[in-house]
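Below: one structure, written as structure tokens.
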Amino acid sequence: MTNATTRRGALKTLGLGAAAASLPLWARYTNAQTSEPVKIGFQVHRTGIGAAYGRWYDRTTQAAVKLINDGGGINGRMIEIMAEDDGTDPKRGAEVVEKFANQHGCDVGFGTLFSHVVIGSSPRAGELKLPYFVVSEGHHVASGMLNRYTLQPGITDVKSQVQAMAPYVADNLGKKVTMIFPDFAFGHDHRDYFSAAIEAQGGEVLEKIAIPPSETSFTKYFPKIPRDTEVLYHVMVGPAVLTFVKELGEFFGPSRPEMFGFIDSLEAVDIASPGLEYLEGTYFWEGNPRNAQPDQSEHDKFYRAAVGVDDNGASVSDPTDVSTYAHMFGCWETLHVIKAGMEAAGYQGPGDRATLIEAVEAMTDMPHSQAHPQGAKIFNGKTHQVFGHQYISRVEAGRLVKVHTTSIEDTLYPDEVDYTTQAF
Amino acid sequence: MRYIFLFLLLIAPGSALAHASEQGFVLLLPTNAYIAAGVATVALTVLLLARVPARAALGIFRPLLLCRRHGLPLHHVSSCTAALVLGALIWIGLTGSRDPLTNPLPLFVWTVWWIGLVALQGAIGDHWRWTNPWTGPAAVLSHVTEMRPLFRYPVFLGYGPGIAIFFSFALLLLADPAPADPARLALFAGGYWYATLLGVVLFGPRWLIRAEALTILMRSYASVSMLGRKGQHLAAGLPGWKIMARPRTSLGLALFMLILLGTGSFDGLNETFWWLGKLGLNPLEFPGRSAVVTPTILGLIAANIALVVVFGTSIWLGLVVARSNMGLTLAFCLFAPSILPIALGYHVAHYLTSFMVDGQYALKAASDPMTTGADLLGLGQFYVTTGFFNTPGTVRTIWLTQAGAVVAGHVIAILLAHGLALKAFGDHRRAALSQAPLAAFMVLYTFFGLWLLASPRGL
């Protein structure tokens, strides 16, 4: 009998323990609505295929938030970042957006990079009426695929980047181009946008060589490159990129055509790495010049220092830790657009979300400044997409040296959507 | 809605930003030569062993007595401390940052504990006796309530609950879409801690060694660690010396050990281009864990079944070749512990790279557990780096360290299997014959393990 009583007592104690363990949950939910800061839900690729980018997106975001908060925040309110990992997973992306809106009481969502996650999350943001600021460079925003609540004001899209390359390539490198690209959507975008753009410049694509994404050796594809190729346009991505460069060098030797690529292939990889010597003298698109240039602006200098990046685009704490410099400025600039938008809208809280979107839609010129260290931009309120200068760099002594800056006009294309006609 | 979403996904323009860095350099390494050298090392061990006298082969497992143990009975105190630390971490998991690389709970569970402390348990010695969060609280509970277990642990269950729980753990680790989400992990960890304590209250400490998967795992790995007790002494020896000295493993535990290796191997295979190709996925555009939950579960089950079947067949063949009348179950149980060093080698090799990165985040989180800007450890402006994945020299060192762990695990496994065979059969020739197929299996498994390290991965 005694035994039974004590057993019951023990079980009761355990029961109380369980109730106590759930206390923090109650605390969290009751506090959720009372906080004063502007809450920005940061949808970050902490794990999964995008984690390497996520680390730098996070670092840039933290630096931008510190700068904005040190300067008085947004309308006097501090920014609070609510970072949630989406696992670089579209389904989780949608769940994260839901958490931002329903659980964390975020004012806006921000920061998504990978296209499939943006496309998976954006419809939910639209349904929940949560302004969703993506930093993805995908054409999905301007193509009209998404909704009024999704905007891309801090980074240009791949369509404008690719088409802006064509005038320089045709004028300086050659008009007969062979394209090598991975055989899936990313490569197809390059194939389609660049083919059209180079033809508009009087050039032609001699051959389009699609490489299966799982390929890790490329020698067998190189004989398909026509002999009269003047420019080889390559956008290989993934772990086999270094092998691609090595085998290309073995195939062509010193008598190669001109080569033009997108830095996406070698983002966060030291261009001076052994094995990449063959890239010497070749050209790359850069979203933002990784190496500090002789004409470096004070804004780029300031931005580098704030994020902790040295003149080679690597971490100040480790010169081998190369950043995703061509993309991550998008987080910095987007946060400044959110700030400007909220201030223009007199943003008070979630009730003003539609006003915030209208305020951002009304934006046009974004001058080169501390808020926009990558360069001046023009925002198109109808397509929710920003347009800006693109850079072409040449590899010289293991450094990326800027040789051309496109005009913003080079990057424009006719509107494919007018989101402002959609109801909130 | 769902169909619209699927349609959008299908027509989506891609952004393929898969990272080139570390794996790019691995693909440039002469891994074929390294793999050949690794496999040759293990094969040579097999051939040499056939020539080594039985006494020498057994002698290498004789431990060295270090000193007399002055056992302070503090393990209940340390266990209670561990429980309090876990409680605090769970609290932070629920209330702290939502970022799994900032919140200390996921960093502790998946980096410090699952990678670090498990490896330490297998490589050095049994710290789980001191660091588990149950034995202390259970002792306090039993002392306070003067209560004895309500039920006797049902013998027929054996290690069944332990296997089932470990499998659930593996599902969380490999198939769950968000195992590092702080709040979810807090609920899992808290719920599991509580359920286990309840198990101990109801069934006594036997619950821990039969049904509590993490304790079974830790005790298994402790059996291949270098340090241990021998009589009144602290002793050190070649990994496996404790297995040589202990009684036969039960069938349930033998299966548990195989599942440990099967799961560890699948957690590697499931990231390769090869596996993603089997699933019809583009490895450069991995659609996320939630898209592969079912294939991962099925793959995990299939990998474990395949391993048990192949291992069992090797054992059976060995018995046939050696003309032994030992029963298959008996032999299966005899040799199963010999795969533990392989499982441990995989564990170290597979997680080394994530430990190098996430370990930095863990350090940062320890310095600022509540993300208040605190700097308890005085780290200053601390930027996490992955620069060591960016230079060929460091990538080669990392790769060879991983390969070294895999090869060392297999060499020790071969020595251990041979020692166990000698002990069981007495006769050197029969021992060598009996474990020849098993040795062949281990040589092939070395190849598999090194191939995994050298293969391009999609996530």
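First residue shown is number 1, and so on along the chain.
From the backbone N, Cα and C atoms, a Cβ is placed for every residue, glycine too.
Predicted automatically and left uncurated, TrEMBL annotations should be read as such.
Features as listed in TrEMBL:
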SIGNAL    B:1-18  signal peptide
TRANSMEM  B:30-50  transmembrane segment
TRANSMEM  B:71-93  transmembrane segment
TRANSMEM  B:105-124  transmembrane segment
TRANSMEM  B:156-175  transmembrane segment
TRANSMEM  B:187-209  transmembrane segment
TRANSMEM  B:251-277  transmembrane segment
TRANSMEM  B:297-321  transmembrane segment
TRANSMEM  B:328-349  transmembrane segment
TRANSMEM  B:398-420  transmembrane segment
TRANSMEM  B:432-454  transmembrane segment
Have the transmembrane segment (B:251-277) and the transmembrane segment (B:156-175) got at least three CB pairs under 8 Å, pairs 6 or more apart in sequence? yes
Among B:156-175, B:187-209, B:328-349, point out the range having the most Cβ pairs under 8 angstroms from the transmembrane segment (B:71-93). B:187-209
Is the transmembrane segment (B:328-349) packed against any residues at least 6 beyond its ends, judged by a Cβ distance under 8 Å, and which are they? 115, 118-119, 122-123, 220-221, 223-224, 239-240, 243, 248-251, 253-255, 257-258, 260-261, 264-265, 268, 311-312, 315-316, 318-319, 402-403, 405-410, 412-413, 416-417, 420-421, 424, 434-435, 438, 442, 445, 449, 453
Thinking of Cβ pairs under 8 Å, which stretch from B:30-50, B:156-175, B:187-209 has the most of them with the transmembrane segment (B:432-454)? B:30-50
